[in-house]
Amino acid sequence: MAGIFNPLRSTTKMTGMEFLGVFAFIIGFYNVILIGGVGYLTRDWPRNGEVFWGFEDGLWDHPEPNHKILPWVAEFYAVVSAIPLAGMTLLYQALRYRYDKVVLVLCVMDVWMYTCAFFSHMTLYPPLNAVTLTSVLTNSLYTFFMYSWMAGGPLKSTPVRAIVTIAAWLVIVQCVRTVPAMFGHRGGVPALLVIQVPAVIAATLGAAWMRRSCAEREKATFGPLLLAGALLVLAMGVSVIEVVYGQYCQDRFFGNFPVFHVIIHTLEQIGIYLYGVMVSSIRHTINEPRKGAKLEYCGGWLPYLRLAADSSKGVEKAAVNVVADDSPRGGSGRYNLRKRVTKTPTTGSEGATDESTTTE
């Protein structure tokens, strides 16, 4: 299976044309193959222009008028703006540059949650909308578990992080099950806002704290990460406007085009992409340094993480070069959470060379 992706793997820089090609493939696959495929599979269903899936005007229905563009797509503009453009681009980069499994899992989760959103807006199916919201917050909890040790204190303990993560996930699941109904008719939209906002604000404050306290060389990563958080907070702000004034503006000014919701999705796509790139950069340039890992900018503005060939072969060696003895990375005192391990060659009685592990 891995051999399928071998032609993709390269250490060269990504070009603007390559990015455009990736974007074109994603847009074509989701907007032509998947939307067209659903239309073909449901070609015998009655299409009266008002009701198709049976969940219209239900718990998760947004202000956008339903079935105005395609009879089998409930919220057309929400669907086409929810394709996993950010997630699929991140996954492409992860396969191209051979990011490790920790980063790869995050990229797959990004694709999954946006694919769920894609079909949720298409069908308005309540269980799928609940899965979408749970997936988004599971993504944030995964990042919390993998990286919050950098803040120090009790979070350096893996059991503590695991307990906090599991407890938070159980609370989220319960909220997703119960809160939408509390808001009554179309209660999923305000419930989504109420459940997501605390996580988004907490993550953004964490990024701000790391940006303020990190070493100078790390600001190139934590600065854009903070920007990602700010964009997601801004998206939540627009969501508040949509909840309060969305239906009024839709009926009187916007017609069939959901201005607020498309703005929200656009801000989220940019924020999620920046978040994915910078979390990958934290992993491969700070926590587990890879030889040749570098944050690049295509055209001077579009970031991505580039890794050198066979960089995975020298992860431990690269890490030793960065963390010398007991000196913390970057001089900040946060990252020296485990003793340095080096491998010293020893010669056996017959001249064979073995590697013994020493702890300094």
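We count from 1, first residue shown onward.
From the backbone N, Cα and C atoms, a Cβ is placed for every residue, glycine too.
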Inset, instruction - Pick the one from HIS121, HIS185 that TrEMBL also lists for the Zn(2+) site with HIS261, HIS265. - result: HIS121
Inset, instruction - According to TrEMBL, ASP61, GLU64, ASN66 bind Ca(2+); so which of GLU18, GLU75 is the extra one listed there? - result: GLU75
Inset, instruction - Would you mind pulling the DSSP three-state label for ASN66 (Ca(2+) binding site)? - result: coil
Inset, instruction - Give the number of CB atoms, excluding that of HIS261 (Zn(2+) binding site) itself, located within 10 Å of its CB. - result: 25
Legend entry - Listed stretch, out of 103-124, 130-150, 222-245, that has the most CB pairs under 8 angstroms to the transmembrane segment (257-276): 222-245
Legend entry - Rounded distance in angstrom between the Cα atoms of ASN66 (Ca(2+) binding site) and HIS261 (Zn(2+) binding site): 14
Legend entry - HIS265 (Zn(2+) binding site), number of other Cβ atoms within 10 Å: 24
